[in-house]
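A short worksheet on the structure shown next.
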Ligand code: PBG
């Protein structure tokens, strides 16, 4: 045999060797678990398009949070489903609102201190039309207004920080919202509250199941005038650049697996903490394959999450967070 000086398989021979040379690691503390909070008590309502994910009332959410602590997870990403919706989404900044109530309850529990509470900031769960901002209508025509939406989004962010959010995470994709949120936070005395902007958020079919979970499907039209076109990588870099200039402390990319190239490029260009959001459709797609016995559950979950770490994500938001935490533990 001619000399195979380089034999890549030498380092794959045993698990001990493989783990010694492993380049990327997945840790429970870099996983964030999303929670959908609903009014009431003792509520744990299954979301049909996301088997294993539930709408939970605040008391139940505390149990999930305690489980996350036990598993050593990094944090929670909170979404609220208000009891009532209106044109403006006024439930979003209501001091007694669903998110504010949940945040205060979580912050009261000393056992939950190791979790970072991240509040998703958007109006779509709170507006009757399901858009992420204020809608101006003229017959059949409609437009999602930017600047008036930004004012309400900034007010919402300040209210969530006041209720105890460790991080606020705007997911609306309006222009100028990071700057407005920073100003509103500072004015409210929350100079130390970081902003994690969903900087590059694509208009994606993979959010489908979330819209059931958060009851936030647009009642007309779509989100393409504010979320990004999935074809655009360079534009994503401009979005990130802009949010950083406006004062974003960290950025979130979503969806995750269909946009690994964008994640990698963001990693190469920017020295800020970057998160990847493995969204509802990515979750449901995998779960559907598990339910049919087509994919090996634990291995596929870990591999999907590892791909995001390899592409450059510092942390990952995933509906698999608890399960992955268990597998890693
Ligand atoms: C709210 C928001 C959405 C998601 C996170 N924040 C939905 C959307 O933009 O339609 C999607 C998360 C997921 O699919 O898991 N704007």
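Positions of Cβ are set from backbone N, Cα and C atoms, glycine also.
Counted within 10 Å of its Cβ, the other Cβ atoms near residue 201 (active site, schiff-base intermediate with substrate) come to 25, all protein chains included. Residues or ranges marked as active site, schiff-base intermediate with substrate in TrEMBL: 201 (among others).
The Cβ of residue 254 (active site, schiff-base intermediate with substrate) has 25 other Cβ atoms within 10 Å, all protein chains considered. TrEMBL lists 254 (among others) with the feature active site, schiff-base intermediate with substrate.
In this structure, residue 124 (Zn(2+) binding site) belongs to neither helix nor strand by DSSP; it is coil. Summarising the annotation, TrEMBL assigns Zn(2+) binding site to 122, 124, 132.
Per TrEMBL, the feature 5-aminolevulinate 1 binding site maps to 211, 223. In the shown protein chains, 16 other C-beta atoms lie within 10 A of the C-beta of residue 211 (5-aminolevulinate 1 binding site). In the three-state DSSP classification, residue 211 (5-aminolevulinate 1 binding site) falls within a helix.
The 10 Å shell around the Cβ of residue 239 (Mg(2+) binding site) contains 22 further Cβ atoms across the protein chains shown. Marked as Mg(2+) binding site by TrEMBL: 239.
The annotation 5-aminolevulinate 2 binding site is assigned in TrEMBL to 280, 319. Around residue 319 (5-aminolevulinate 2 binding site), a 10 Å sphere centred on its CB holds 24 further CB atoms from the protein chains shown. Following the DSSP three-state reduction, the secondary structure of residue 319 (5-aminolevulinate 2 binding site) is coil.
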**CB within-chain contacts under 8 A for residue 122 (Zn(2+) binding site), separation at least 6** = 92, 132, 153, 170, 171, 172
**Request:** Show which residues of the chain containing residue 223 (5-aminolevulinate 1 binding site), separated from it by at least 6 in sequence, have their CB under 8 Å from its CB.
**Result:** 131, 132, 173, 203
**Zn(2+) site shell beyond 122, 124, 132, criterion: Cβ within 8 Å of Cβ centroid** = 89, 123, 125, 127, 131, 133, 171, 172, 216
**Message:** Here's one to test understanding: among the binding-site residues 124, 239, 280, 319, whose C-alpha is closest in space to the C-alpha of residue 201 (active site, schiff-base intermediate with substrate)?
**Reply:** 239
**Message:** Cα-Cα, whole number of Å: residue 124 (Zn(2+) binding site) versus residue 254 (active site, schiff-base intermediate with substrate)?
**Reply:** 17
